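Taken from TrEMBL as is:
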DISULFID  C211-C232  disulfide bond
DISULFID  C310-C331  disulfide bond
DOMAIN    47-158  domain 'Ig-like'
DOMAIN    165-260  domain 'Link'
DOMAIN    266-355  domain 'Link'
SIGNAL    1-15  signal peptide
Amino acid sequence: LPLLLEATLLWLASGSHHPFYNGFYYNHIMNDKGSGQEKVVYFNGARLVVETPKDPVYSSNGANVTLPCRYYYEPDMESKHKIRIKWSKLRDDYTKEQDVLVAIGKTYVAFGDFRGRAHLHQASRREASLVISDVRLQDDGKYRCEVIDGLEDESNVVDLQLQGIVFPYQPPRGQYQLNFHEAERACQEQGAILATFNQLFQAWSEGLDWCNAGWLADGTVQYPIRLPRKPCGGLHLAPGIRSYGPRHRHLHRFDAFCFSSALRGEVFYLDQLAGMTLEEAKQSCQDAGAEIARVGQLYSAWRFLGLDRCDAGWLADGSIRYPITKPRANCGPDEPGVRNFGFPSKGRFGVFCYKER
């Protein structure tokens, strides 16, 4: 037995055996230049290639979108196996987040929130494109297209970006009152979701400047600064995204940065000669076949539909706001934006309503 053990150890140390992975022998050979670099000899003699677009694919809330993906072989050949296609949604660091769809031939299964909304588009030979219908805010992100041919497995990534707007949000009780989970709910209640870092960065590049720190979808707390100033990190720091890094999701409290996309309906303004209380405002919207608008809906209408109204109105969270696309006298600052009067406990105003198309 000692001699057998010694012989086995000598054989392992010799390096003359083939490496062993997942129950299959993979054949590696040295190149002819003796540089120590290895090249893989593929099982079927051809290399499987998966292609996706390098540029992002853009869409909006409620739309249908196709994420292109195709595969081929170098040199060209016909596969001897049934091709398996798998789509997954990834985190920003490219780690797997959730299964979207798996298909073999014409048979496929979609998972989770993608059930009934995702299917393959295979209009041409060796196409593996993914179609997502009724796009939702949380669909924004990176997707992996994976093609499996027998023992070969190759993949590539598509970046789906929703056209939208990021807005800072504080609840009625004031600044820095939300833990991470409360921030998630606050954004959802306003027709939005917590923004990602990429969405906040895009908003900053388009001019967003906000000195209060807010939660992002990855559990970090950050804020965008265009004009450096003493209370916002200091005068001598360059413009950019200031970061507190990851915070405790239950214990720490900040504001929220929410993300909303294009609307499926319209926002309109109603008023009465004497104004309305919040409850009267809600009823007026219902009488018009609509509902009182949420903050995210007002921001989206301002950004994507050009809503411009120099009249303050109630929103669903009890705040008073109004949208200005063309700044003018008696309508607030010189820059376009959604003006905020806070959360008055009393008073009579108009109301912004939202109606689905």
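Note: Cβ is positioned from N, Cα and C throughout, glycine not excepted.
Quantities reported herein were computed from a predicted structural model and do not represent experimental measurements.
C211 (disulfide bond) and C331 (disulfide bond) are 23 Å apart (CA-CA, integer value).
The Cβ of C232 (disulfide bond) lies under 8 Å from the Cβ of C211, Y223, I225, R242, each of which sits 6+ residues away along the same chain. For C310 (disulfide bond), the same-chain residues 6+ apart in sequence whose C-beta sits under 8 angstroms from its C-beta are Y322, I324, R328, N330, C331.
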